[in-house]
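Feature annotations, courtesy of TrEMBL:
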- 1-15: compositional bias 'Polar residues' (COMPBIAS)
- 79-538: domain 'Major facilitator superfamily (MFS) profile' (DOMAIN)
- 1-55: region 'Disordered' (REGION)
- 82-101: transmembrane segment (TRANSMEM)
- 121-142: transmembrane segment (TRANSMEM)
- 149-168: transmembrane segment (TRANSMEM)
- 250-272: transmembrane segment (TRANSMEM)
- 352-373: transmembrane segment (TRANSMEM)
- 397-417: transmembrane segment (TRANSMEM)
- 429-447: transmembrane segment (TRANSMEM)
- 453-474: transmembrane segment (TRANSMEM)
- 486-508: transmembrane segment (TRANSMEM)
- 514-535: transmembrane segment (TRANSMEM)
Amino acid sequence: MVDNNRAITATSGNSDGDDKKVGAGVNGGGENERDNTSSLSSGSGSGESDDAILPRGQVDPVYEEKARILNRAIQEIGIGPYQYLLFLVVGFGWASDNLWPVATSLILPPIALEFLPSRPAYLTLAQNIGLLAGAIFWGFGCDVFGRKWAFNLTLGITAVFGMCAASSPNFAAIGVFASLWSFGVGGNLPVDSAIFLEFLPGSHQWLLTVLSVDWAVAQVVATLVAWPLLGGMTCQEGGNGGCERGENMGWRWFLIALGGLTLLMFGLRFAAFKIFESPKFLMGQGRDEEAVRVVHEVARRNGRESGLTVEDLRRAEPEGYVARTDVKVAVKRRLENVKMERVRVLFSTRKLAWSTGLIMAIWAFIGLGYPLYNAFLPYIQATRGADFGDGSTYLTYRNSLIIAAVGIPGALLGGYLVELPRFGRKGTLSLSTVLTGVFLYCSTTALDSQSLLGWNCAFNFTSNVMYAVLYSFTPELFPTPQRGTGNALTATCNRIFGIMAPIVAMFADLRTAAPVYTSGALFIAAGVLVLLLPFESRGKAAL
């Protein structure tokens with residue numbers, strides 16, 4: 001019978017007697033036991049290790065030792081069919097994370113023309129509120145209830161409410177539906193990045209960066225679908241008054257198309273691929289037998305064998321460690337997990353606190369800078385294009401497609417740069433973020449539509465490099481038991497500041513360069529902060 005309720009109590013940050021006993025055992029008498037482990041459980045000794053991103057002593061010692069054992073087991077299995085298929089289905093979450101925010105920005109002009117709201121930016125505000133709620137719920141929840149169920153639900157929620165939004169009779173209704181579909185979107189990256197990273201051997205963690213190519217492709221798909229639908233079935237900018245529903249159906253068909261595509265991705269993820277729960281999550285919950293079973297099943301699917309045993313993991317436990325198996329304790333532990341202790345662990349040492357605080361600030365700056373400009377890009381293209389004499393709806397969405405296509409090589413370049421010696425994650429992220437801000441400033445010098453398009457292409461190229469690294473580097477900085485929580489914290493900072501973007505837009509004139517200057521300054525500041533991060537993850541395995 002599988003023992004589903006063995007608990008590594010210290011990983012959740014509890015400070016009662018049992019936790020102190022575990023910590024003391026590992027730091028004291030437990031060392032002799034670990035000396036007798038198999039090759040999988042042989043560590044690198046005390047002190048800072050060069051095989052893991054977080055040096056020794058940053059997290060609970062029992063969990064830390066077991067995580068290193070699992071890292072070596074997963075590295076022994078290597079990369080294979082399971083990870084490649086996981087790469088594909090995880091990519092659906094990456095695609096959805098960009099597909100729907102881009103959709104909101106693309107439908108904003110025709111919705112504003114049809115419903116004539118006093119403040120069109122409320123639509124973006126509703127979206128960002130939904131993204132914030134989703135990031136908090138799914139991000140924190142996946143550390144408590146597991147990655148698997150959240151992984152399967154987020155796309156389904158997004159698809160259903162996205163298609164329902166096409167029937168919106170007024171501006172308030174489309175705002176509500178935008179927040180509901182965004183609740184599903186908000187959980188994609190916190191959950192998907194965690195589960196993918198936890199199945200990757202340390203030698204292939206760069207694949208998490210390459211995943212952002214799906215993020216860039218999604219922008220191309222959205223604008224490619226929008227070009228004929230919104231370009232040919234939308235009221236023209238500059239018309240007198242509003243327009244009737246019948247002559248402005250493009251955005252409704254657009255939402256149905258994207259909702260159907262997301263529903264297809266949900267079906268493929270749910271029915272065509274069997275996702276296993278993360279072995280590190282299972283181990284962190286005390287479910288060692290299940291963790292070992294998952295490792296062996298992944299090895300089998302990759303055509304290999306694993307030498308990992310339950311005994312390898314249990315040798316990391318101090319003498320006198322007692323398994324707790326009754327249902328009452330299991331339920332109590334679930335409830336105890338829902339508390340601030342998971343957050344406190346991420347600030348438990350000076351280095352870890354500095355790292356967590358800085359990455360949260362970086363996400364916050366980018367969270368305001370990116371939507372302040374990009375969410376209103378079609379609107380800026382249309383209004384500035386009108387000033388240049390070519391602001392037609394057709395050209396607006398054609399240019400949006402060109403800008404989106406340029407982002408794809410940016411994501412691929414990010415995957416290459418992060419593995420360069422003496423450059424790595426920090427160098428790539430800092431340079432691409434600063435350049436993103438610089439190109440925004442350059443866009444204010446545009447004297448015609450073609451030069452504005454060129455600067456926007458440069459902006460999208462470097463911002464895709466930036467996001468490719470940011471989305472992969474961030475989960476690497478957190479230990480598995482708190483990875484969802486860490487992802488949730490950064491995503492929450494990103495979404496809270498994202499909420500501020502449409503508020504700023506309401507009181508700023510989008511026809512001027514003021515929002516662009518603000519956005520550019522935020523990117524440059526975020527790029528400088530990256531250089532202050534204490535950890536570099538290139539060539540090291542996540543705990």
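Quick reminder: no glycine exception, Cβ is built from N, Cα and C everywhere.
Small disclaimer: the values here were computed from a predicted structure and weren't measured.
Long-range contacts of the transmembrane segment (82-101) within the same chain, counting only residues at least 6 positions beyond its ends with a Cβ under 8 Å from a Cβ of the stretch, are 127, 131, 151, 154-155, 158, 162, 181-182, 184-185, 188-189, 191-192, 195-196, 199-200, 204, 207, 211-219, 221-222, 258, 261-262, 265-266, 268-269, 273, 275, 298, 301-302, 371, 375, 471. Take the transmembrane segment (352-373) and the stretches 121-142, 149-168, 250-272, 453-474, 486-508: counting Cβ pairs under 8 Å, 486-508 has the most. Long-range contacts of the transmembrane segment (514-535) within its own chain (CB-CB distance under 8 A, at least 6 residues past either end) are made by residues 53-54, 351, 354-355, 358-359, 361-362, 365-366, 368-370, 372-373, 376, 426, 429-434, 436-438, 440-441, 443-444, 477, 504-505, 508.
Segment contact is absent for the transmembrane segment (453-474) and the transmembrane segment (250-272), given fewer than three CB pairs below 8 angstroms at sequence separation of 6 or more.
Contact count against the transmembrane segment (149-168) (Cβ pairs under 8 Å) is highest for 250-272, out of 121-142, 250-272, 429-447, 486-508.
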